[in-house]
Amino acid sequence: MVCPNGYDPGGRHLLLFIIILAAWEAGRGQLHYSVPEEAKHGNFVGRIAQDLGLELAELVPRLFRAVCKFRGDLLEVNLQNGILFVNSRIDREELCGRSAECSIHLEVIVERPLQVFHVDVEVKDINDNPPVFPATQRNLFIAESRPLDSRFPLEGASDADIGENALLTYRLSPNEYFFLDVPTSNQQVKPLGLVLRKLLDREETPELHLLLTATDGGKPELTGTVQLLITVLDNNDNAPVFDRTLYTVKLPENVSIGTLVIHPNASDLDEGLNGDIIYSFSSDVSPDIKSKFHMDPLSGAITVIGHMDFEESRAHKIPVEAVDKGFPPLAGHCTVLVEVVDVNDNAPQLTLTSLSLPIPEDAQPGTVITLISVFDRDFGVNGQVTCSLTPRVPFKLVSTFKNYYSLVLDSALDRESVSAYELVVTARDGGSPSLWATASVSVEVADVNDNAPAFAQPEYTVFVKENNPPGCHIFTVSAGDADAQKNALVSYSLVELRVGERALSSYVSVHAESGKVYALQPLDHEELELLQFQVSARDAGVPPLGSNVTLQVFVLDENDNAPALLAPRVGGTGGAVRELVPRSVGAGHVVAKVRAVDADSGYNAWLSYELQPVAAGASIPFRVGLYTGEISTTRALDETDAPRHRLLVLVKDHGEPSLTATATVLVSLVESGQAPKASSRASLGIAGPETELVDVNVYLIIAICAVSSLLVLTLLLYTALRCSAPSSEGACSLVKPTLVCSSAVGSWSFSQQRRQRVCSGEGPPKTDLMAFSPSLPQGPSSTDNPRQPNPDWRYSASLRAGMHSSVHLEEAGILRAGPGGPDQQWPTVSSATPEPEAGEVSPPVGAGVNSNSWTFKYGPGNPKQSGPGELPDKFIIPGSPAIISIRQEPTNSQIDKSDFITFGKKEETKKKKKKKKGNKTQEKKEKGNSTTDNSDQ
């Protein structure tokens, strides 16, 4: 017989020999025997040799032996007869404790050939242990004031046997005050207790002696008893009461020392000392409980003071009592059940297998990215592992098999929003506390070309000065692409188009990489004011994506054009203009008018006129209008003035720096009786039939002027009568004006009937204004094709400024400044136009416009301007504001060609007479000259 407790020097060799022979030697078997505990030495167990099929004669030669893992002296085999018998006393409670099953395992080994047999000998329990109470006597102190059905817990008996042998029943000795409350089978945790069924009276029965008997279920029955000494207390009639009779707590087996287990709470309805509670374990608590737990007497807190071992004890039942300080003291009882929980000491393990990394951003949902396997060496709940993913979006974990997961794409990706994800896979077991392990997964998102280059704004406005050097950098376009690498590599190009007769690429170019826009040639504001084109941005992706941006390049004007004089048809030698002026003219008489044009625009084309001083500081009786260019007398001429004057007129613009031009006017003073045969008074730049005036008979002019004066007086009288009549419309009324043009060579008129609202202001007239229509008399195509003016006719900036001080009707416009030049337009509001849509823009300061002026108006339904070389439908010769007198004609009346509109100018009719009153012919001649001067103005 060989047992592990004995020392066998050849055991290692034997074990090695057994392992080698086990590969080819068979012959294994298993036998079951049973033996009651407490069997005496030599008690028969079984015929082991016969049951194993071995001959008695071969037991010794084959080295028959039985090996046990525990005590080797309990069983023995007789090699002579092959019988297994009891060798020493077997105590089941000592061998297996309170385990439900108890057996002795033997390994029977025979050699030649090697055979191993397993034999299990079951040790059956017998009722050899009586019930035992913790103490032979239990003292109980019960107040006489305790109510009926009060329960007093008792510590039950314990039986070392198992099964029916440990099933206990209790009985109490007969009495009239108490009965025994025995918990049912499903209330094993609930302690045994005495229940009061009759009120106690200390004066009648101060003490009670009862006997509690416990009987097991064995055969024969065994019993145990305890003496119950009950002392009846007086006065303190309220015992402490716990919140619960049973507290259940779970503690892990590796709980640290000093950990609070529970804080049971008891309350006492008494006051003073009778309500002060002291906590303690019950007097009959086991020493094992006292070695592991401690209870604070004042707070009742139970803490851990010893090591907890799940394998040693899975639960601890702690009886607790709360005793007040009354006399006699009262006690409340409860039970604390501490369940020891096994510790989860193995964390899960994760294994990752990457399949498709990096993942393209256009991958479809459901694409598998990584395979994950988990493993936990624990068992039960502690080995059940679940996986989770953080962050979840846009991925998810899919369980494919037990402990196997797939990391798949859950929603669409966008590399431009998130280019990479750092995912954490957490594997957590079901233990308490749970253990976990984590693994990081780096998911990189590969870029695809899904974003076109984008500009910051759809269009840009660029201002470039004209006359820039070739290759000048004018702007830089920049487009951003949210993609990466070559998908974000942006190149720029022009969207080719035609600019007039030339290609766009002849004006500008764009650098393909930097997006810088260059002007390939000097830009000319007079030729090109606005250059609008598109720049395209394309990335290098496959397929390439792109977008366009619009550039509006405004060419800013510079003062690069000097004023140009408009040459007259009849002039003096050397480019000078000759003018003949009678000595009889008074102050303010217009001698000539210098006309010039500037190809620039804005202030660069706004012209002013200055009269250069003569040498030696001599004064001359002439001046020039600052913005009109009109040369007029500053005083009345007399005999002391030089007969000839050379006037130098400086024309300059308002640019920076200012550019100038010079005009020479030769003025000759003649006597009043001499005819100005070669006068060019019409001013520089005026062309037309006025030059034919030189050859007209002076007497014919005097006759025409006389007839015209009579007609004017008639019209003024008629108009005054008409205006004095009451009007239903007040100051503004609808009339039919008949507009007639009168010139120095006669009257040429074209009646144009139109219903208009004319508003006349109040106040005395200050000067003459004559309105006329440039239309010809009624004739073939005269209505549609008005007479063309001299192509040299242009309005300069000064003339345009002067026109702002004139009264202009609805169809008034401004002529273009010159060929290729910009339109100098100052929109204003006309008092003859009631539309509120008309814009209001003031002309430049100093342009000759005051707050009382009637100015041009552009608005819906009003033509802006006539084309180059055309006269406007109606215009006003510049002058100061005056009261307009308009003749009204019946609807069907015939309009005579001699009908015209004129404005009275009393100062011309009241000239100082230098001749005798009887010389009427000379007076008429002067009136004719005055009329001619007015027409020039």
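Including glycine, each Cβ sits where the backbone N, Cα and C put it.
Between ASN265, ASN929, the residue that has N-linked glycosylation site written against it in Swiss-Prot is ASN265. Recorded disulfide link (Swiss-Prot): CYS102 to CYS96, out of the candidates CYS68, CYS96.
According to DSSP, the secondary structure content of the domain 'Cadherin 6' (581-678) in residues is 7 helix, 41 strand, 50 coil. Residues within less than 8 Å, Cβ to Cβ, of CYS96 (disulfide bond) and separated from it by at least 6 positions along the same chain comprise CYS102, VAL123.
Around CYS102 (disulfide bond), a 10 Å sphere centred on its CB holds 19 further CB atoms from the protein chains shown.
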